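Annotated features, as they stand in Swiss-Prot:
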type     : residues : note
LIPID    : C20      : S-diacylglycerol cysteine
REGION   : 269-289  : region 'Disordered'
SIGNAL   : 1-19     : signal peptide
TRANSMEM : 55-75    : transmembrane segment
TRANSMEM : 133-153  : transmembrane segment
TRANSMEM : 166-186  : transmembrane segment
TRANSMEM : 210-230  : transmembrane segment
Amino acid sequence: MKKKALLPLLLGVMVFLAGCDYSKPENRDGFFYNTFYVPMDNVIHWLGTSFNNDYGLAIVVLVLVIRIVLLPFMLSNYKNSHMMREKMKVAKPDIDAIQEKVKRSRTQEEKMAANSEMMEVYKKYDMNPMKSMLGCLPILIQMPIIMGLFFVLKYPSSGGFTEHPYFLWFNLAKPDIWITIIAGILYFLQAYVSSKSMPAEQRQMGYMMMVISPIMIVWISFSSVSALGLYWSVSAAFLIVQTQVANMYYSKLAQREVAPMIEAMEKNKAEASGKGKNTQVVSKKNKKK
């Protein structure tokens, strides 16, 4: 549900990024411009001059620094997501039974009683729904920072990479088809890697992002300076590695931590099954007598 809710939010941000125009001097004012654009522009200029006017390297370093600063939030999100998924496998029979009660309930009191039972199940399996909801936090934290960097690259101030534009094979101040294609491919791969770790019921949304993200990235990059394509390429490459490594590590960690719960559940099932068989045997003996 959380990921489905984020899809329209992300699409809205894409439209916002495409639609805002800081190319005109009279538009360069306001809260967002002064709070996020100006500081990011100053950082880009400082890094560029520090690297002997290599503004391509400055963009790469700045993107990596931002991603590393946000890494603890993202890792916490990965961990909570995997732990919740593994615990849901154990708690699913209890949760399904309570959800059935909610469907059958006719009064508000019955619904409240069922919801109370659900909270007890969450407590029993040490599941905190709030942690899942807080998974949106890293995205919300990084959004104004990333948007500030986006506008600095899309609408550069005088000097900077407009005067020192060359990096690798392309001109940072002009569109470049190859860096645009690279950015599109990397965002497709990033969405694909993310979708692999999603539950089956959410995977369709992941497949939608595999199509929508590259199209939006290519569309915006193709009509913008290639500095923007460089930013997206570096960011996507970092996210691919981050997602793959985090999913591998936290998936195994969650399985190890939840394994005792699964063993206890299987043991309880076996004991219940054994008691049921014993009851049937005793019942048959009594009938024979």
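Glycine too: its Cβ is placed from the backbone N, Cα and C atoms.
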Check your understanding: Looking only at residues six or more beyond either end of the transmembrane segment (166-186), which have a C-beta under 8 A from one in the stretch?
Key -> 54-57, 59, 156, 214-215, 217-218, 221-227, 229-230, 232-233, 236-237, 240
Revision key, fill the gap. Sequence-distant residues near the transmembrane segment (55-75) by C-beta distance (under 8 Å, 6 or more away from its ends) are 43-44, 47-48, 137-138, 141-142, 145-146, 149, 153, 160-161, 164-168, 172, 227, 230-231, 234-235, 238-239, 242, 246, 250
